[in-house]
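Peer 1: Sharing a structure here in structure tokens format.
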Amino acid sequence: MAYQIYLVRHGRTWYNEYQKMQGWSDTPLTNDGVEVAQKAAESLKNVDFAAALTSDMKRAVDTCRIITRRNRNNLVPQELSEFREQFYGFYEGRGIDESWFVIGKPHHAKSFAQIVQNYGFDATMDFVKEADPLHDAEDATEYWNRIERGFKKIDQIAKDGDKILLVTHSITILGLAYRYKAGDFELNDVPANASLTMLERDNGVNRVTKYNQSLL
């Protein structure tokens, strides 16, 4: 069985605006966040989605609802907690730049981009848990086990040839792109709010064929 997943990042939130770490913490969409979600909805209105899925974070649910209300199939969003963002533990709600500086310091890296470039995506996740004083943050193994449970749930929903909408988060989409990259694109930036990334799933094998495509 093969089907397509339209991965859309949620609209801009207040923590995005204030440059705060936002994993399992949740803030509402800004006015701009609602606007970009509406523009994405307009771009996707004629896609024949068989199902509309979303992370259970409100910022993702609200974005998904904006898209489904405009889509011709008028689908009801289904929440999948498995597609939440990585849990940052102690660093939830803290400044992005200062957090990644502290996380990367033992590894002689000063930013998220530098950590990923020097050590890879999974090691970057592991470093978050390592740097968390309480070690509550997710490491790569915990994170990917959760994501894989989510894909198995989608397998129970999708049929061969389906197009599935999945509204999720920036690092989740970036991680999927690193792990399953199969297209001619660069991974220099996290995906923009309300951008589109395409994932094809064929008998349990994932391929990301497009990344961070503008819907505005």
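Cβ coordinates come from backbone N, Cα and C, glycine included.
The following feature annotations were taken from TrEMBL:
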type: BINDING; residues: Arg9, His10, Gly11, Arg12, Thr13, Trp14, Tyr15, Asn16, Arg59, Glu85, Gln86, Phe87, Tyr88; note: substrate binding site
type: ACT_SITE; residues: His10; note: active site, tele-phosphohistidine intermediate
type: ACT_SITE; residues: Glu85; note: active site, proton donor/acceptor
Peer 1: Please report the Cα separation of Arg9 (substrate binding site) and Glu85 (active site, proton donor/acceptor) in Å, rounded to an integer.
Peer 2: 11
Peer 1: For Tyr15 (substrate binding site), what residues in its own chain, 6 or more apart in sequence, show a Cβ-Cβ distance under 8 Å?
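Peer 2: Listed in sequence order: Met21, Gln22, Ser25, Thr27, Gly93.
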Peer 1: Distance between Tyr88 (substrate binding site) and His10 (active site, tele-phosphohistidine intermediate) at the Cα atoms, whole Å?
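Peer 2: Counting only the Cα atoms, the answer is 18 Å.
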Peer 1: Compile a sequence-ordered list of residues in the same chain as Gly11 (substrate binding site), six or more apart from it, whose Cβ lies below 8 A from its Cβ; state 'none' when nothing qualifies.
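Peer 2: Result: Leu29, Thr30, Asp32, Gly33, Val34, Glu35, Val36, Ala37, Ala40, Arg59, Asp62, Thr63, Ile66, Asn193, Ala194.
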Peer 1: What is the separation, in Å, between the Cα atoms of Thr13 (substrate binding site) and Glu85 (active site, proton donor/acceptor)?
Peer 2: 14
Peer 1: Let's check the environment of His10 (active site, tele-phosphohistidine intermediate): how many other CB atoms sit within 10 Å of its CB?
Peer 2: 30
Peer 1: Using a 10 Å cut-off, grab the number of neighbouring Cβ atoms around the Cβ of Arg9 (substrate binding site), all chains included.
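Peer 2: Excluding its own Cβ, Arg9 (substrate binding site) sees 29 Cβ atoms within 10 Å.
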Peer 1: Determine, to the nearest whole angstrom, how far the Cα atom of His10 (active site, tele-phosphohistidine intermediate) is from the Cα atom of the residue listed as 'active site, proton donor/acceptor'.
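Peer 2: That separation, Cα to Cα, works out to 11 Å.
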Peer 1: Could you tell me which three-state DSSP class Tyr15 (substrate binding site) falls into?
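Peer 2: Once the DSSP labels are grouped into three classes, Tyr15 (substrate binding site) ends up as helix.
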Peer 1: Once the DSSP letters are reduced so that anything not helix or strand counts as coil, what is Arg59 (substrate binding site)?
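Peer 2: Helix, per DSSP.
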